[in-house]
Amino acid sequence: MAMDEETPLVLENSKNGNPIVNHQRDVHILSCAFLLIFLAYGAAQNLESTINTEGNLGTISLGILYLSFMFCSIFASLVVRKLGSKNALILGSTGYWLFVAANLMPNWYTMVPASLYLGFAASIIWVGQGTYLTSTARSHANDHSLNEAVIIGKFNGEFWAMFASHQFVGNLITLALMRDEEGGSTSGTTVLFLVFICTITLGAVLMCFLSKRTGKEEAGHPNSSASFVSSVATLFKSIITLLQDIRMLLVIPLIAYSGLQQAFVWAEFTKYIVKPTMGESGVGGAMAVYGVFDAICSLVAGHFTFGLSSISIIVSGGAFVQGAVLVWILLTHSVTGGVLGILYPLFIAALWGIGDGVLNTQLSALLGILFKDDLEGAFAQLKLWQSFAIAIVFFVGPYISLQTMLVIMFVALCLSAVGFLFLTLKVEKSFSYRAA
């Protein structure tokens, strides 16, 4: 049964009379809501290491945020199962609102509590997102007799393309509202953060219009009447089971690297490569370029995702691009002026966006395909290891040189690529053979 742009919200299934939800509509709403929320948060995060510099407040706040994110990710799947993915998404948006609002009066008493709460909010919004999007794709494939892996890839491609464009939109707003003043100060930050608060509010409201997913659609969703103790026991059993799965153990290094490369562009890239040549206001322009290429690559990568073989090829291409960039910066980086000083960080931003777009779409699609029986647990693992790696960068970054960070990332990239290729080429063939 084909669906076009005129399809109403709910259709009648001609086979069994059951209502069919317009799943594509939900993907559009989810993507737009995340764009509105993260254009604000993403731009604010990019500025933390350059505007809240006293006592490294901005960098340390982000480190605290991702440590909180890491620990809360352990229990995030339990919260999402109890609330349902839609309610988890709505509640999670409040953390981003509070964090951006704290930047109106940035000090240790506002930023640290806001960072701690955002760690919790981020853990449930991202586990909720992964669960909601994958269950939506599976339901759409089931309702219309389509290939599940193809639909998961396409839905992830649309979501991550829209999500990645938050860097473009948010940083264009930053570029328009912020100005570098004489003496190294910056103006326009108050208006900027007020605008961002408004966009997050709109995103949270938009999430209220998502269709509610049933426990059957969200695989592994327990009975809501289960006791807290039994739910916690089930949670830890799920965590241990996943960590005993060779497939998860082999994909964890790539998950961790994806966190490293995100933190690198948010903190190290903006601080050491963009700011010295383009100033604080130039951070928005460079990250806008990053966002454009991230969005385009996410859409293209999602379109060409149809199974493990395509995922392995796409990830290998993205890893090669980022590896080449790391070596290039390590061997040639120097602060230069003029046109070359502007083009250099913009070109790096574009190439880095390509790699990030690949990792975002392919990791989500991979987990959705491999761990369909425990989506919440799989996506909790994704955010647990990503946030762990991001926290390391924010805490360690201020105390090591750019060159040391580049070497660490290159080694991590090589190790994660080897583990991932072993997973897709060897291990999964064994699992597929057993299943057959």
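Using N, Cα and C of the backbone, Cβ positions are placed for all residues, glycine too.
The shown structure was predicted, so the numbers you read here are calculated from the model rather than taken from an experiment.
Pulled from TrEMBL:
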TRANSMEM  27-44  transmembrane segment
TRANSMEM  56-80  transmembrane segment
TRANSMEM  87-105  transmembrane segment
TRANSMEM  111-128  transmembrane segment
TRANSMEM  159-178  transmembrane segment
TRANSMEM  190-210  transmembrane segment
TRANSMEM  246-267  transmembrane segment
TRANSMEM  287-306  transmembrane segment
TRANSMEM  313-331  transmembrane segment
TRANSMEM  343-370  transmembrane segment
TRANSMEM  382-400  transmembrane segment
TRANSMEM  406-425  transmembrane segment
Output the single range from 111-128, 190-210, 246-267, 313-331 maximising the number of Cβ pairs under 8 Å to the transmembrane segment (382-400).
-> 246-267
Kindly say whether the transmembrane segment (27-44) and the transmembrane segment (111-128) touch, using the definition of 3 or more Cβ pairs under 8 Å where each pair is 6 or more positions apart.
-> no
Counting only residues at least 6 beyond its ends, the same-chain positions whose CB falls under 8 A of a CB in the transmembrane segment (313-331) are 254, 261, 273, 297, 301, 304-305, 348, 351-352, 354-355, 357-359, 361-362, 402-403, 406-407, 409-410, 413-414, 416-417, 420-421
Establish whether the number of Cβ pairs under 8 Å between the transmembrane segment (159-178) and the transmembrane segment (190-210) reaches at least three, counting only pairs separated by 6 or more residues.
-> yes
Near the transmembrane segment (190-210) in space but 6 or more residues beyond its ends, with Cβ under 8 Å, are 26, 29-30, 32-37, 39-41, 43-44, 86, 89-90, 93-94, 96-97, 100-101, 103-104, 132, 170, 173-174, 177-178
